[in-house]
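One structure is given here, and the rest of the page talks about it.
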Amino acid sequence: MVKHRRYTPPLNRNFSIIQQGTVQLPLRNNLTENIRTVQASLGNSSDLVKREVLIPAPFAVKGAILYMEGLIDDQLLNQFVLTSLLVDTPQNLPHNDGSPQQLLESIQRSALTIGKVRSFTIHTKMVRYLLEGHAILLLDQCPKGLALSIASTEFRAIEEPTNQVTIRGPRDSFTETITKNTVLIRRRLKDRHLRLEVLKVGHVSQTNVGLMYLTNIADKNIVTEIRDRLKAIQVDGILESGNLEEFLLKDGYSPFPMIYNTERPDVVCANLLEGKVAIIVDGTPFVLIAPAYFIQFLQSAEDYYEHFDITLFLRTLRYLSFFVAMLGPAIYIAITTFHQEMLPTQLLLSLTTQREGIPFPAFVEALIMEITFEILREAGVRMPRPIGQAISIVGALVIGQAAAQAGFVTPAMVIIVSITALSSFIIPAYNLAIAIRMLRFLMMVLAATLGYYGILIGLFGVLIHLCSLNPFGVPYLTSFAPMDQEAQKDTIYRAPIWSRSLRPRHTAHKNPTRQ
Amino acid sequence: MNKNSITHQQFTKIVALDIIGVSILSVPSIVIDIAKQDAWIAALLASFFGLLLAGLLYLFGRLFTGQTLIQFCQHLLGKYLGNGIALLYIFFFFIGSTTLLWDIGQFTTSSVLTDTPRLVINFTYLIIVIASVRLGVVTIARSAEILFLVFLGIYVVFSILILPQIHLENIQPVLEATTPALGQAAFILLSFTSLTLFRLLMFYPQHVPPGRATARAFLVGTLIGNGVLLVIIVLSILALGTQLSPLLAYAGHTLARVISVGQFIERIEGTMTTLWYISMLIRITLYFHCLVVGFAQVVRLSDFRVVTLPLGMIVLLFSLFIYPDFDYAAKWNREVWPLYAFTHGVLFPLLLAIVYWFRNSSLPAAEQKESPSQTS
Amino acid sequence: MKKTKIVLLLIVILTVALTGCWNRRELNDLAIVVGIGIDKKDSHYVFTVQVINQIAIQSQTKVESRAPVVTYRIETDTIFEGIRRLTTVSPRKLFFAHLRLVVLGEVLARQGIEEVVDFLVRDHEFRGDFFFIVARETTAAEVLEIITPAELIPSVSFYRTLSTSARFWAPTHSVQLAPLVTDLLTPGKNPVITGLVVVGNSPSKDSTQNVQKSAPPTQVLLFSIGLFHNGRLVAWLNEGESKGYNYIVNKISSSVAPIDGPDGQNIILEISNSTTKLRSQNQDGRPMIMIEVNTEANLGEINVPIDLKRPGALSDLERSLENKISSYIFEAIAKAKSYQTDVFGFGGVIHRADPQTWKRLQPNWDQEFVNLPVEIVARVKIKKSGDIVTPLREAIQKSKRAQ
Amino acid sequence: MMIFGIMVVAALIVAYDLPDIRKKGTRKELAFFTGLLAIACVLSAIYFLGLQLANPLDWIAFIYQPLFDHLLRDKAGFK
């Protein structure tokens with residue numbers, strides 16, 4: 001019998017050197033030796049900049065500043081590091097015995113005019129600091145170094161959200177920098193109970209993953225569970241919060257999303273207030289919220305900003321389109337190929353005449369149209385924007401007109417597929433929409449086999465699956481099953497904010513009242 | 001919140017759906033056949049006894065909180081006698097699952113998909129049943145909650161749409177049926193509703209916290225279930241009449257056919273089949289749950305899931321021919337089933353309760369051990 | 001582990017799906033049956049089905065030369081065999097769920113309709129929302145082969161005519177499957193079915209030529225009600241009797257009623273609302289039926305010079321309409337009694353009011369029905385006299401006189 | 001054909017559950033699983049070969065039918 005060969009990811013060379021202890025050594029007294037070790041451990045990488053300095057008299061100590069090019073802010077380096085060291089140092093520092101070790105300490109305490117300075121004594125740390133965008137200050141005859149936090153903040157500015165667009169509501173969205181993102185949240189929730197725990201995930205990427213929650217509201221068990229799962233992650237790199245999501249949910253499969261992601265700080269804050277946990281990953285503007293309920297994916301931030309009766313209308317529309325998106329073609333197939341008696345006579349006549357001369361069975365017809373549509377949609381998303389427009393025109397022409405005129409498909413089917421497509425766009429959460437689009441094909445197969453009965457069987461299956469889901473110990477269908485009177489104030493119907501005095505039961509039982 | 005517990009609301013809905021179960025589909029014609037236009041009186045009678053039975057079942061279930069009916073038998077009667085009774089119950093659950101699955105197949109192949117083999121219908125439905133049983137009682141309870149909402153929604157719409165078709169004179173004259181006829185109709189109705197409710201004893205003492213709320217869930221569930229049946233029976237009498245209804249295999253389905261509001265809302269019986277499939281689902285699932293869990297407990301398996309698929313295959317096989325034909329089923333439902341259900345639903349529990357009472361009063365020291373639940 | 005399980009489940013679903021499609025019928029494989037005609041000829045049955053010709057009614061490529069419907073005919077010995085054999089005559093599968101009309105030949109109707117009805121109830125494809133019609137003095141096949149002008153599809157045309165005329169014209173009565181079965185089964189009630197007469201039987205009736213003239217040579221008239229007894233057609237009511245029948249069974253919502261004016265000329269009243277109550281009363285231990293008709297009428301057409309402003313003029317009209325209605329009803333009952341068939345459901349009325357008596361009467365109900373005393377009370381109220389009070393003709397005369 | 005179907009179904013069931021049972025369960029679970037599956041297959045084979053399987057309802061009716069006939073129909077006047 002052939003044994004399964006486990007897939008082992010190839011290790012990054014630098015990483016393995018660090019790991020295997022060649023540089024797991026303490027800093028030496030000799031400056032050049034220290035610098036050489038660093039250069040060696042980074043493989044003489046050319047973006048490592050070495051700036052040799054001489055701390056002026058009366059100290060006259062040789063030193064060096066190391067940094068990775070581009071990771072630090074040059075202006076900060078010039079203004080607050082070099083100037084302080086080379087111009088202001090002599091005046092500011094006490095003239096004591098002048099051993100470089102003490103000099104370093106005084107520099108740390110009195111000379112550097114930047115916020116975050118940390119000292120280290122081993123190479124591993126130094127390399128890590130370097131890679132995280134610190135500038136390293138080393139002095140000759142000193143087995144200690146300083147890491148100066150002057151990381152470059154030259155990233156994308158805060159912009160408007162592009163995916164979760166609202167007509168009314170705040171216009172800021174997360175960026176790729178974790179620090180900026182946490183600030184966006186902090187600014188909205190000025191409470192001492194707001195906690196941020198930063199973990200590093202990924203051997204190679206060393207991604208900062210922030211765990212944010214309100215200690216006085218969030219369920220401790222959920223927080224602990226999420227933290228434990230994050231800590232247990234063994235992987236080389238986390239590049240997007242999506243990678244984390246899969247790790248967090250690895251012990252059960254479901255096409256349905258069980259962790260919410262958002263690029264809107266206001267949504268994160270609302271969820272924190274409901275006792276949920278936000279997971280912020282460095283390098284992506286998508287913040288995860290766990291645990292997420294099913295209904296959350298059918299809600300939009302705007303629901304809470306517009307008047308509540310408008311929300312009722314919009315949400316009803318969304319729930320409806322949820323089913324249309326999942327069942328539209330399936331029901332059409334079921335009715336036209338199994339239950340023709342359900343059609344009014346006139347409609348039946350018009351549909352039959354449309355179908356005269358169509359070569360495919362209704363199921364194949366639907367399949368062709370659906371797949372064509374999915375191709376178009378995917379093409380539209382991946383293409384650069386100007387071409388995307390062209391694609392949609394071509395699509396509309398091909399699907400809407402030509403196919404029907406050529407007798408490939410019936411006009412009725414075109415209508416059904418378009419309505420289905422539109423419905424799937426109404427669902428605010430993209431990941432739920434994808435899940436439904438996949439299930440749609442399953443439903444179509446069932447409908448083509450067993451008609452309406454098949455659709456029911458499919459729906460039962462989906463329902464049972466949804467009922468069995470318990471992400472992070474919270475029932476996925478919360479507020480429908482288990483039924484919760486109080487939670488009905490925020491399901492299809494959203495009660496006015498003033499009347500919603502209770503937080504969701506499952507995540508916030510510690511501190512249940514809002515007001 | 002305990003993850004394994006079922007809320008009282010969920011339990012209420014399980015009881016209600018369980019009672020409605022297959023009854024909503026096949027019972028109205030039998031009952032109307034026997035009691036004619038007075039069938040609704042029989043339904044009222046049945047609801048009354050149903051409430052009584054629900055109360056008794058609740059009290060009986062309290063004797064063994066934390067156990068199932070099968071475990072209670074084993075515990076109370078010892079290895080041989082206990083397992084003997086338990087096997088009788090398991091056989092009952094087997095009959096229940098197979099006949100219900102047959103009903104699904106029969107209804108579907110005669111009214112919805114006429115050319116589809118019964119095997120396929122039963123097979124697909126059973127897959128759903130097995131899946132929910134394997135996922136556990138909590139999942140069943142949650143799905144019952146949602147299914148109940150859907151059921152009630154469709155049901156209310158259905159009843160309202162029927163209203164234009166009713167002829168009030170169909171229900172007159174009142175009280176023409178003889179007492180035996182009323183009694184028999186009520187008995188048959190009861191055998192479909194509350195007499196077999198003891199299958200709840202296979203999980204409710206374990207999963208529903210005892211107390212007043214549970215008792216109320218029992219009663220409210222019974223009331224809802226019987227109310228739904230009562231309305232369907234009344235509507236059948238009013239809209240189809242006492243002459244046509246008994247002729248129809250599925251009066252409820254034909255009832256949906258006569259819906260016609262403003263010549264626009266009509267031809268919706270296909271949608272209405274949802275009602276029957278939903279109500280059947282919970283009942284079959286519970287029966288099958290009882291079957292596999294009971295079996296696993298008799299042979300003392302650590303995990304009942306192990307036997308779900310093989311037992312499911314046997315149930316599927318027998319569901320193909322358990323009733324040779326519809327007439328056999330009709331005769332069975334009228335003549336044998338009520339007594340059979342009565343034996344298991346009333347006689348055995350009564351006997352068990354008497355034995356329990358007898359042993360507990362004679363062995364007061366053993367009480368703590370016999371019923372660890374009483375205190376908890 | 002999870003992965004294999006999901007794959008296995010998908011395999012199961014797909015296997016079922018691929019071996020499946022047992023019931024699947026594509027729309028263009030269907031022959032939509034809108035009318036069935038059943039005749040009896042000697043000892044065997046003749047079936048006619050009217051099927052929509054989809055090619056002919058296709059809106060874009062309308063083929064004028066093709067008839068909108070196709071009729072197939074088949075002769076068999078039993079009804080069940082007939083319906084099954086029908087599937088062999090059509091290239092497409094016959095689809096009965098949209099059936100609008102079942103036409104029974106008069107010969108068949110006189111010999112008994114139970115078998116036909118039994119089949120229609122039993123087969124699930126028949127939804128029971130079609131109308132029954134008896135082809136009076138002709139065969140069902142004749143009726144179904146006529147091409148109608150106003151509607152593309154003849155059966156739909158008859159269906160519409162029947163349901164409209166049942167609403168606006170008293171002497172027809174639409175019968176669907178469920179009430180028919182109930183009437184057949186209920187002791188103390190016999191069914192009726194509207195009869196249909198073909199007028200102007202021209203040779204071109206079954207071709208599209210029939211619709212090319214504004215006054216089609218062949219027309220179908222809905223006419224009168226056929227009385228059944230134990231599932232057999234026994235007699236036809238004439239127009240007045242048919243009206244009487246509809247008054248008794250409370251099926252009049254709107255109709256017109258001509259009454260004789262002073263000079264024998266007509267005054268036409270439009271009946272806007274009419275309700276009938278049937279009651280059973282015990283008279284010396286014998287039941288008696290009270291028929292109470294409450295009718296509201298409007299003035300429709302006045303062809304006689306009559307001064308409506310004269311006190312009592314309207315109530316005179318009311319009285320004469322009351323008499324008219326009573327006589328309709330009386331005639332209908334007399335006709336039914338002469339054939340011993342209780343088509344009005346008097347038996348049911350007695351049953352509901354007095355179960356004990358009914359139990360005694362039921363075994364011999366046909367006979368009892370003949371001797372059943374019936375009392376008719378008709379009340380007419382004229383609500384609106386139209387937009388003008390005085391008849392126009394009289395007003396003209398008056399104004400001329402004044403000049 | 002149907003025998004082949006039974007074999008396929010049995011194979012699917014084994015493929016679906018056996019790995020889990022072998023991993024978690026004891027010998028007893030395995031025994032009951034395979035035993036019941038074997039019984040199911042044999043019964044199905046008998047049925048699909050066109051032989052008559054005993055109907056359990058007949059056994060029940062054997063006990064209860066006389067009860068109904070004598071007790072309920074004759075004494076209580078049930079129909």
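Cβ atoms here come from the backbone N, Cα and C positions, even for glycine.
These features come from TrEMBL:
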TRANSMEM  B:12-34  transmembrane segment
TRANSMEM  B:40-60  transmembrane segment
TRANSMEM  B:80-102  transmembrane segment
TRANSMEM  B:122-141  transmembrane segment
TRANSMEM  B:146-166  transmembrane segment
TRANSMEM  B:186-205  transmembrane segment
TRANSMEM  B:217-240  transmembrane segment
TRANSMEM  B:275-299  transmembrane segment
TRANSMEM  B:306-324  transmembrane segment
TRANSMEM  B:336-358  transmembrane segment
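When the stretches B:12-34, B:122-141, B:186-205, B:275-299, B:306-324 are ranked by Cβ pairs under 8 Å to the transmembrane segment (B:336-358), first place goes to B:186-205. Using a cut-off of 8 Å between Cβ atoms, the transmembrane segment (B:12-34) and the transmembrane segment (B:275-299) share at least three residue pairs, counting only pairs 6 or more apart in sequence. The stretch in B:80-102, B:122-141, B:186-205, B:217-240, B:306-324 that contributes the largest number of Cβ pairs under 8 Å to the transmembrane segment (B:275-299) is B:80-102.
Only residues 6 or more beyond the boundaries of the transmembrane segment (B:186-205), in the same chain, are considered here, and those with a CB under 8 A from a CB of the stretch are 6, 11, 14-15, 18-19, 21-23, 26-27, 30-31, 34, 42-43, 45-46, 49-50, 53-54, 57, 60-62, 64-70, 72, 93, 96, 137, 214, 222, 225-226, 229, 286-287, 289-290, 293-294, 333-334, 337-338, 341-342, 344-346, 349, 373. Between the transmembrane segment (B:80-102) and the stretches B:40-60, B:122-141, B:146-166, B:306-324, the greatest number of Cβ pairs separated by less than 8 Å involves B:306-324. When each of the listed stretches B:122-141, B:146-166, B:217-240, B:306-324 is scored by C-beta pairs under 8 angstroms to the transmembrane segment (B:40-60), B:217-240 comes out highest. Long-range neighbours of the transmembrane segment (B:306-324) within the same chain, counting only residues 6 or more positions beyond its ends whose Cβ lies under 8 Å from a Cβ of the stretch, are 94-95, 97-99, 101-102, 105-106, 118-119, 122-123, 126, 129-130, 133-134, 288, 291-292, 295-296, 332.
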